[in-house]
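Going by TrEMBL, these are the annotated features:
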- 62-66, 127-133, Asp156, Ala253, Gly303, His347, Asp414: (6S)-NADPHX binding site (BINDING)
- Asn63, Asp123, Ser159: K(+) binding site (BINDING)
- Gly413: AMP binding site (BINDING)
- 10-213: domain 'YjeF N-terminal' (DOMAIN)
- 218-468: domain 'YjeF C-terminal' (DOMAIN)
Amino acid sequence: MIAVHTAQQVREAEQAFFAANPGVDLMQRAADGLAEAVENFLEGRGPGVDGARLLVAVGPGNNGGDALFAAARLARLGCRVELWATHGDAHEAGLAEAQAAGCQQIDAGQATTALAEADLLLDGVLGIGGRPGLDAPVATLAREARDLGIPVVAVDLPSGLDADSSTPAEESFHATLTVTFGALKPCHVLQPAASRCGEVRLVDIGLELGEPWALAAAPGDIAQRWPLPGPTSDKYSRGVVGIDTGSVHYPGAAVLGTVGALHAGAGMIRFCGPGPADGLIRAALPSVTHGEGRVQAWLVGSGWGDEPGDAERLAGRLADGLPTVVDADALRLLPDHLPAGCLLTPHAGELARLLDVEREEVTADPIGHARAAADRWQAVVLLKGATQYVVQPDGAVWLAVPGPHWSAQAGSGDVLAGICATLLAAGLDAARAALLGASVQAMAARRRPGPYPPDDIAREVPAVVGGFEVVR
Ligand SMILES: NC(=O)C1=CN([C@@H]2O[C@H](COP(=O)(O)OP(=O)(O)OC[C@H]3O[C@@H](n4cnc5c(N)ncnc54)[C@H](O)[C@@H]3O)[C@@H](O)[C@H]2O)[C@@H](O)CC1
Ligand SMILES: [K+]
């Protein structure tokens, strides 16, 4: 799992480092890592470092300082470097060093001309001390770089972003590569801000960071944690999933959830939903059984619509006291108390309704709202979207492996709820079920980028899971 820390946590670690190591200059470590990353980028992209033309946008703080010391190193390696101090002031020692190494200082007007001929724009305008958004001349440069297709390497984070927020300001740089120091910050991993960062490279500058703000899963984490069958496995030990989803109006959601549960490796599925879906599942998925019986976890809510008797339908399933995935329409009907080990799977709109707030409030602070729901219902919340947040009642946050943007389509959530129910039935706790379920669906979608329907992506899950056995 990859640790994510807030800007404040990084600042505190920096202060502690300076107190313990008074003679060490962290900016030089950052500049070393940054220069090396730019060098690799130029080598990988064709022009190479010798003779490459760099435009460096330098802000007033230490982010600009990092950029200036790195620029000096790159100039000494043969780059032709032009510097624009975007706010007049620039890190004094850094500027002196860059000029001594042969970097040329230019003004705003010259920066536009220099950009057109640059192989790369180094964005050292603002880092973790930046307020969101860009002043007009810098915003213009950022836009021109995009229009001209000039690659941007961002120092620490693309200027204009708030380090701690998933929501990007309208004006920011759009980086091809972001070179960050000490730790990943929320903007590097949370969509849609993360899409402004491009590839993210972390440079270790020796900071000692405490408890992370969140942990982000990588594919290897999922491979290590996925429950695989062994020589003593049978259908009961692998887990029996009870599915009570679908309605007269929405039978498809029930089919999709059942497809998801089956392709994630359920030992057995008992489908207990109403008529139309039951018939469709009988025809399409012959291994699914039908009717009541012993199960180890329930999946409820997907495709229920708004029917009289839904509250009783939910209460009846929760009365079993089993771990339950509560999805979609059942989220509107939550009682005050849920059995231990339940998983709520709202998207932003459903979470907003659950908490009686506007959807925009949830998208502005997804984690805060997911925490509020997890605390109120003492259940794990999987908040779905471009970033999938797994939030536990104690406030801990995990981030699932991200998927391609193609996954944003009707039916993905139904499949995901089915995958999670299989993992609950296999005995995983709700947080692990959510993390693994959301991640494996994303990994399956990554195998088939394109507008494939969610059931096609579900049918890709066995190949991903089969690969876990090989890795372990
Ligand atoms: N904290 C750390 O551990 C380390 C920080 N380093 C670098 O230092 C950076 C942080 O430096 P600073 O704290 O000096 O902050 P920044 O360099 O991010 O920016 C602060 C300056 O920009 C001005 N400013 C903020 N928002 C603005 C806006 N929207 N438009 C115009 N001006 C704005 C502020 O008034 C201040 O003068 C990091 O991002 C990183 O690049 C590295 O040198 C290594 C270690
Ligand atoms: K920056």
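Placement of Cβ uses the backbone N, Cα and C atoms for every residue, glycine included.
Each residue contributes its Cα atom, and for His347 ((6S)-NADPHX binding site) and Ser159 (K(+) binding site) these two points are 29 Å apart. Taking the mean position of the Cβ atoms of Asn63, Asp123, Ser159 as the K(+) site, the remaining same-chain residues with a Cβ inside 8 Å of that point are Ala57, Gly59, Gly64, Ala67, Gly124, Val125, Leu126, Gly127, Gly130, Ala154, Val155, Asp156, Leu157, Pro158, Phe173. Cα of Ile128 ((6S)-NADPHX binding site) to Cα of Asn63 (K(+) binding site): a span of 8 Å. For ligand 1, no neighbouring binding-site residues occur among Asp123, Ser159, His347, Gly413, by Cβ distance under 6 Å. Looking just at the domain 'YjeF N-terminal' (10-213), the mean pLDDT is 97. Proximity to ligand 2 at the level of Cβ atoms, with a cut-off under 6 angstroms, picks out Asp123 from the binding-site residues Asn62, Asp123, Arg131, His347, Gly413. The Cβ neighbour count for Asn62 ((6S)-NADPHX binding site), using a 10 Å radius and every protein chain shown, is 20.
Note: the CA-CA distance between Gly413 (AMP binding site) and Ser159 (K(+) binding site) rounds to 34 Å.
Within 10 Å of Asp123 (K(+) binding site), counting C-alpha to C-alpha distances, fall the following of the binding-site residues Asn62, Gly65, Arg131, Asp156: Asp156.
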